[in-house]
Amino acid sequence: MDLLNTLVDKGLRRELPTREEALAVLATSDDELLDVVAAAGKVRRQWFGRRVKLNYLVNLKSGLCPEDCSYCSQRLGSKAEILKYTWLKPEEASQAAAAGVAGGAKRVCLVASGRGPTDRDVDRVGKTIAAIKEQNEGVEVCACLGLLSDGQAERLKDAGADAYNHNLNTSEATYGQITRTHTYADRVDTVQKAHAAGLSACSGLIAGMGESDEDLVDVVYSLRGLDPDSVPVNFLIPFEGTPLAKEWNLTPQRALRILAMVRFVCPDVEVRLAGGREVHLRSMQPLALHLVNSIFLGDYLTSEGQAGQADLDMIADAGFEVEGAGTSTLPAHRSDVAAAAAPAGGCGAHDGAPVCGPAGAADSAGTAGCGSACGGCSGHAEAAPVAARADAGAVRPDLVAVRRRGAGTDLAPNA
Ligand code: SF4
């Protein structure tokens, strides 16, 4: 297939595909699916071998958010029966993090609901980072606290944070349909602040919110323009009690095509399979390991994932290996998290390679919120349906298990 040969060649050269090529990946048929996975798998193996990085989520503060992100079970007015609690103490967070590290996680992601941190919150998270690093030598810590004010990214960096996550989630054109309390430009601004402070930027998307193929390609190209080191790809978890509870419009095949498209557009970036993989990929999860080089271990923020041991078994059974703490995640031509990030704007990852993605993202308008979509998601409607929608129109509490263990409970974490 000419399209796939072209995309493999471009991926191996770190060259940006055209928008038409990215759209064509999303339009491939089920008969072509294994060819698409095999092609994107070549690009994945070129830059990341057969390694899988494990990340572990710790929800520092759950629910009670004043923002209105339609996909989120922690949103203002959410009726989802999730755990609600305020800030974990540093030792409580460290205990939860240790379970993930013991399970093989190389990075701990500290997430807090809310529009953004106060300076006091940043101090609090700094103490938590110190506690985690003291007890878990070599662990990477990523903070995900929402919109950052001036100076906060620098303070997090000084406190020992390695990375900062803030997702764009969807295209600029449709952003206003999923959130009204902050804007797309706010989100872009926070990713840029993290980048400029020397934190490794992590920013991704949520698929399955009723977006079009063009929306998906738009957000992935915008992400590439922002040059994050990691791109989490979430699949909407339609939580009962949120506006998007009935938005079941992904199939495993569709989810795999989306992951392949992200890999072709961001060939040498950590592409992370995030919230919703169990719910939407189901028994097809192992195929996704040929596309992504990173996953979350165990549970998500407000929903339960499959058992951590099942994640490890899946990786081994599929012929992949868990990435060790002493191994750089990113290819040598990219700076790893321990090194200073490139200045904001432009694409520091592609030295010597042809142009990076459209720079429009950096100029667009917006605001932010916590940015975490990692398992807190549910989605929004309105835009055109994208795939088979056999299940659309019904909530599926049988498929979405609310988290009842780990951080904020007396029960052991799943890791
Ligand atoms: S995604 Fe973050 S900002 Fe938005 S409602 Fe959820 S917790 Fe709040």
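Every residue gets a Cβ built from N, Cα and C, even glycine.
Annotation comment: TrEMBL describes Cys65, Cys69, Cys72 as [4Fe-4S] cluster binding site. Feature annotation from TrEMBL assigns [2Fe-2S] cluster binding site to Cys109, Cys142, Cys202, Arg272. Annotated domain 'Radical SAM core' per TrEMBL: 47-277, in sequence order.
With a cut-off of under 6 Å between the Cβ and any atom of ligand 1, the binding-site residues Cys109, Cys142, Cys202, Arg272 reduce to an empty set. In the three-state DSSP scheme, Cys65 ([4Fe-4S] cluster binding site) falls into the coil class. Around the Cβ of Cys72 ([4Fe-4S] cluster binding site), a 10 Å sphere holds 35 further Cβ atoms from the protein chains shown. When other Cβ atoms within 10 Å of the Cβ of Cys65 ([4Fe-4S] cluster binding site) are tallied across all protein chains shown, the result is 25. Cys202 ([2Fe-2S] cluster binding site) falls within a strand when secondary structure is assigned with DSSP. In the structure shown, the C-beta of Cys69 has more C-beta neighbours within 10 angstroms than that of any other entry among the binding-site residues Cys69, Cys109, Cys202.
DSSP gives Cys72 ([4Fe-4S] cluster binding site) a coil state; it is part of no helix or strand. A mean pLDDT of 96 is what the model gives for the domain 'Radical SAM core' (47-277).
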